[in-house]
Amino acid sequence: TFLGGPGKGATDLEKHLELLVVENERLKQELKSCQTSLLHTQESPASSSCTDCPHSQIESVRKQLEETTQQLGKSQRQLEESKHQRGEVEHKLGLQLRECEEELARQAATSSVVKYVTQTVEVQSPETQKTLAEMQTKNAALQEQLAVQRQLLRELETQLHESQRTCAQLRTQILVYEGEMERAQGQLEAEMQNLEEEKNRVIEEAFIRAESEMKAVHENLAGVRMNLLTLQPALRTLTCDYNCLKRQVQDFPFMLDKAIAEAKQEICQVISEVSSANQELLRKYKREMNLRKKCHNELVRLKGNIRVFCRVRPVSQEEQDSAEAKNMLSFDSEDDAVLYLSNKGKIMTFELDKVFPPQATQEEVFQEVQALVTSCIDGFNVCIFAYGQTGSGKTYTMEGVAEDPGINQRALRLLFSEVTEKAPDWDYKITVSMVEIYNETLRNLLGDNPSEKLDIKMNPDGSGQLYVPGLTEFTVQSPEDINRVFDLGHMNRATACTNLNEHSSRSHALLIITVAGFNSATGHRTQGKLNLVDLAGSERIAKSGAEGSRLREAQCINKSLSALGDVINALRSKHSHVPFRNSRLTYLLQDSLSGDSKTLMMVQVSPLASNMSESVCSLKFAQRVRTIELGSSSSYRRHENSSTSSSPTHDSVEVTQFTHTHTHTHTLIIPVEKAQMHRF
C-alpha cells in the first residue's frame, strides 16, 4: 500500500495531463479557424471598423491559451519531479528492505545454536534498538514525503480543474466571437450591397453628364465652323492691312529722321524757354525766401522777442493723499493767458503770454515754441529757459521721459525734419554740446573728464563771438545720436538732496545746439544757435534745508539767477551797460540774450497750498517780466485777445530781477523741478 499509493496518484495525474494536452490542441485548432475567418473578413476595407473588436477579443483568447499552455508545462514539470522523487524513495526503501532481509537471514541461521542468547540480544541489544529506531525514523520521513506528494497531487488536480474551467470559458468566448463575426459579416455584406448600388447610381449620373457635355461640344464645334467661315473675309482684310504696314515700315527710317530733326528744333526751343523760366523762378524763390524770413521775424517781433509762458504741474498721487493736497490755482475758460491764484483768502490774477493747465501734454507745449526753435535755422540765436520752484516740473518740461520727450528732444527732431525738407538746396550741419555751471564753475558734460574746469574766452577770429576752449561738440544726424548725447550728459550732471526734492538738480545745465547752413544755389551761409537751459533749483535757504556745501550751492545758484534777472532787465530797459560778466551763466549766453536774439522763459509752478508763497513769487516775477514789453508786442497782444484765433507759435520770454520779500538779500526765486522726471 505504501508503494502503490503514489504510483496510483501519478497515473491519475498523467491521465489528467493527457486530457489537458488534447483540450489545448483543440483550442489551438479553433483559434486557427477563427484567424482564417478573420483574414477573409478583413479583405474588404469597408468592414475594417467592424472587425476590430473580434480581432482584439481573439487576441485575448490567444493570450489565455498561451497562459494555459504555460500552466500545463508547469504541471508537467512538477509531475516529472514527483516521479523522480518517488523513484528515489522506492530505491531507498528497496535497499533498506534487502538489508533487513539479509539481517533476518543471518539471525535465522544462528538461532538453533544460541537460541537463548539471540533472544536476549533481540531484546537488549543496543544495535538492534538503534537500527529499529532508525527504521522507524525513516518510515516517519517517508510518511511525511508521501503526505507532501499527496498534497502536491491535490494542488495539481486543483490547477487541472481551473484549467478546465478556463477552457470552458474560452469556448464560450469563442462562440460569442463567432456570433459577432457573423453579425459583422452580415453588416459587411449589407454595406457592400449599398456601395454597389451607390456605384451604379454614380456611373449612371456620370454617363448622363457625359452625354450632355458631348452634345454641348458638338454644338460648340458647329459654332466654330460657322465662325471660321465668317473670319475668312476678315483674314483677307488683315492681309491687305499687313501689306500696307509693310510698305510704311520700309518708309519709316526716312520719316523717323524727319521727325527727329523737327523734335530737336522743338526741344531746343523748349529748353531755352525753360531756362529763362528757371532763372525767373530762381529769382522769385530768392525773393520769397527773403520775404518769408522778414515776415517770420516781423511776426516774432510783434509778439515780443522775449515772452513768458507758465505751466502748472499736476498733483501726484502721494500729494493727493496728504493733508495739503488742496489746489489753489484756477484757469480762465475763455482766455488761456490768465491764471487765478487763491492766497490767504484773496484771489490774485496773473496775465501772461500763455498758461498751460496740468492736463496739457508735451506736444501741446512744444507746438507753442516750435516756431521759435526753427528761427535758429535762419541764422538767429534762440534761448529757451525753464525755471520754477524745485519739484514744479521744470526738468520734465525740458527733458521729459523716454516715451514722452520734452522740448530738448522734440526741438532736435524738428530741426532734423526742417533741414531734410530743405536738403535739395541747403546743406545743414547740426552740432550739440552740453555744459554745466556748478558753483560758478563751467564743466564739460560730454567730455572724458567732466570735473575739468572750462573758461569762456573771446573768439580770436575778430568776430566778437564768445567760445569755450576744450568744449566737446558732437555732430548729430539721427535720434539715436541724440539719445546717446543726452545719456552721457545726464550721467555727468551734479545732483544733491534737499528738503524740497530728494534728487534736486544743483547746477545749471545748458544744451547748446548750433545749426550751420550753406545754400549751394546762392552760396549763402547761415549759422544759428539754440540754447536750451535747465536752471538749477532756487528757493529760500530756510525752506530748502540746505547746509554746509549745499548752502554754498544755493548761494551760488541764487547769485547766478539774480545776475540773469539783472541782464534781462537791462536789455529790456535798453541800458547802455549790460552786466553779462556778473555770472558764468549770463556771460556764456551773451550772444543769445542780445541783439536780434529770441528768448522764451517757461515758468513752472506748483498748485499745492504748501508751495503758494514760492508760486506767488514766481508768478509776480513772471508778470513783471511781461509788463516790460515793446509797444508793437503790446498792440499785438491786444489784437490777439480780441480775436478767436489760436495762440501764435513763435514765442519767447524775458526775465527781470526780483527781490525776495522774505530775505534781506536780492535773490532770484526760480522754482526748479527735480532732475528725477517721475516727480512730474
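Using N, Cα and C of the backbone, Cβ positions are placed for all residues, glycine too.
Residues or ranges marked as ATP binding site by TrEMBL: GLY388, GLN389, THR390, GLY391, SER392, GLY393, LYS394, THR395. If you look up TrEMBL, you'll see 10-85, 132-205 marked as coiled coil. Per TrEMBL, the feature domain 'Kinesin motor' maps to 305-628. According to TrEMBL, the region 'Disordered' annotation covers 632-652.
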**Item:** Candidates GLY388, GLY391, GLY393: member of the binding-site residues with the richest Cβ shell (10 Å)
**Value:** GLY388
**Fill in**
Taking all protein chains shown into account, the Cβ-based neighbour count within 10 Å for LYS394 (ATP binding site) is 32
**Request:** Determine the most Cβ-crowded residue among the binding-site residues GLN389, THR390, SER392, THR395, using a 10 Å radius around each Cβ and all protein chains in the structure.
**Result:** SER392
